[in-house]
Ligand SMILES: [Zn+2]
Ligand SMILES: [Zn+2]
Ligand SMILES: [Zn+2]
Ligand SMILES: [Zn+2]
C-alpha cells in the first residue's frame, strides 16, 4: 500500500494524527535496558486513537513493546476493531515489528501497519504480510481430539 | 495493611474509585481462552487512575494480564510513580497476581496491591511482600565483569 | 522448498529422524490449559537433534511453545547454528508457528521449518518466509543516539 | 533451609553435582543484550539433572531465563517432579529469580531453590517463599461462572 492509498483509506488528517501521536508516544518509552524507544498509535474502527510506548523490565523477558501497549490500551477501553497502527522509531531506516507484536496484532485482524521514518516518510504493510498464516484461534480448534489420548 | 489504614493512606474516596474502576475494567477483558476475566486500576502519585484488563492471544504465551495493561497505560501517559493498584476477579476468594505481574509492578516500586472480593471486601498486601527480593535493575549491575568471558 | 529438496539438503535419514523425534516429543507436552500439544525437533550444524514440547502455565502469558523449548535446549548445550526444525501438531492441516516463535527462531538465522502432517506428509518454509524482515540485533544498533533525549 | 539441611535432603554428592552443573551451564548463556549470564540446574524426583542458561532475543520480551530453560528441558524429557534447582550468577551477592521464573517453577510444586555464590557459598529458599500464594491452576477454577457475562 502506498502513502496515497493510505490517505484515501484513512483520510489525510487521520494519517497526520497517527504520525504525530506515534512520534509523541515515543517520549514516554521506558527503555533503561535497550535504549531503543518506540512509539505507536492505533486507530480504531470507531475513530479513536490509542498511543503506546515500549515498557521494559529488569527481567528482559517481561518487556512489552509499543505496539502491544497501544493494543491493550484500546482493548481495555472496549475497542477491538482496528483500522491501522503507526510506528515510530529513532532509526534511519524503517524497523518492522518483532514477531511477538505481529502475533499480537494479528489476533485482532488484518490492517495496515504504518512505518514512520525519522524524515517523516512513511511505508505501509498489512499485518498479514508481516506474519503470513498467523497462528490463530481457528488453529487451536483444528486439533484432532482422538489423537490426543 | 488493613482497610482502615488504606483509607488513611489514599483517602476514602480514592479507595472507592479504585474499587469501582477495577471492577468496571473487568468487563473489557479479552479472555476467549481462559474465560478468567481480571480488572485492574492503578493510581498514580499525581492523582490519576489507569484501568486495565487482561488481553489474551491464541499463542497463550503472549497473553498480557490486567495488572500489566494498567501499568503500561500509565507509563505510556508519562506516569511511573504509583500509590496503589486494585485488582478485581470473578472468584470467591482473593487471587494474588502471577509472578510475571509481581515482577512488572516491582520495576516501579513498592506500593499496596488491593484485592477486591466479589462481596466488596478488600485485602491489601505490599508489592514487596508479593515478591520478596525482586529481581531488579540493581541486580543487573552487580555482575562481576572479569568473571564473564 | 519441496520434500525432495529437503532430503537432498539434509539427507533422507535425517529428515526421517527429525519427523520421528518431533512426533515423539509431542507426548511430553504439558498442556493442561490449551489441550493443544506440539512437538518440535531442531537439527544443529554439528549433527545433533534437540526435541521439545510446549510447556504451559496457569498464568497463560508464561507459556513456552515447543519451538522455543527445542531452541533453548540446543543453545544451553552450546549449539546456536541450526540446519532445520521440524514441527508436529495434532491437527488436520499444517499449523505455522506463532509470531513469538518465528522471532525466536530468527535470532539464530534462516533455515527450513518442516511441518509434519498427521498423515506423515511434510511441507517446508524458510524462517525468513515466516517472518519477513524480522526484528534483529542489527535493528537495535540503527538507533540514532542524538535523537533520543 | 541451611546448607546442612540441604545435604541431608539431597545427599552431599547431589548438592555438589547441582552446583557444578549450574556453574558450567552459565558458559552457554546467550546474553548479547544483558551481558548477564545465568546458569541453572534442576534435579528431578527420578534422579536426573537438567541444566539451562538464559537465551535472549533482539526483542527483549522474548528472552527466556536459565531457570525456565532448565524446567522446559526436564519437562520435554518427561520429568515434571522436581527435588531442587540450583542457580549460578556472576554476581557478588546472591540474586533471586525474576517473578516470571518463580511463577514458572511454582507450576511444578514447592521445592528448594539453591543460590550459588561466586565464592561457592550457598543459600536456600523454597519456591513458595519466593512467590507466596502463587497464581495457580486452582485459582483458574475458582471463577464464578454466573458472574461472567
Ligand atoms: Zn514487539
Ligand atoms: Zn499476571
Ligand atoms: Zn510459538
Ligand atoms: Zn527469570
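Glycine is treated like the rest: Cβ placed from N, Cα and C.
Unlike curated entries, TrEMBL annotations are predicted automatically.
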Next item on the list: Write down the one residue from D:65, D:81 that TrEMBL lists together with D:98, D:101 as binding Zn(2+).
Entry: D:65
Item checked: Entry from the recorded positions list D:56, D:67 having the most other CB atoms no farther than 10 A -> D:67
Margin query: Nearest by CA distance to residue D:58 (substrate binding site): which of the binding-site residues is it, out of D:65, D:98, D:101?
Written below: D:65
Checklist line | Residue among recorded positions D:65, D:67, D:98, D:101 with Cα closest to the Cα of residue D:59 (substrate binding site) | finding: D:65
Check: Which residues of the same chain, at least 6 positions away in sequence, have a Cβ lying under 8 Å from the Cβ of residue D:60 (substrate binding site)?
Finding: D:33
Next item on the list: Fill in the CA-CA distance, residue D:57 (substrate binding site) to residue D:65 (Zn(2+) binding site), as an integer in Å.
Entry: 11
Next item on the list: Output: those recorded positions from D:54, D:58, D:59, D:60, D:67, D:101 whose CB lies less than 6 Å from an atom of ligand 1, in sequence order; none if no residue fits.
Entry: D:59
Next item on the list: Please state whether DSSP places residue D:56 (substrate binding site) in a helix, a strand or coil.
Entry: coil
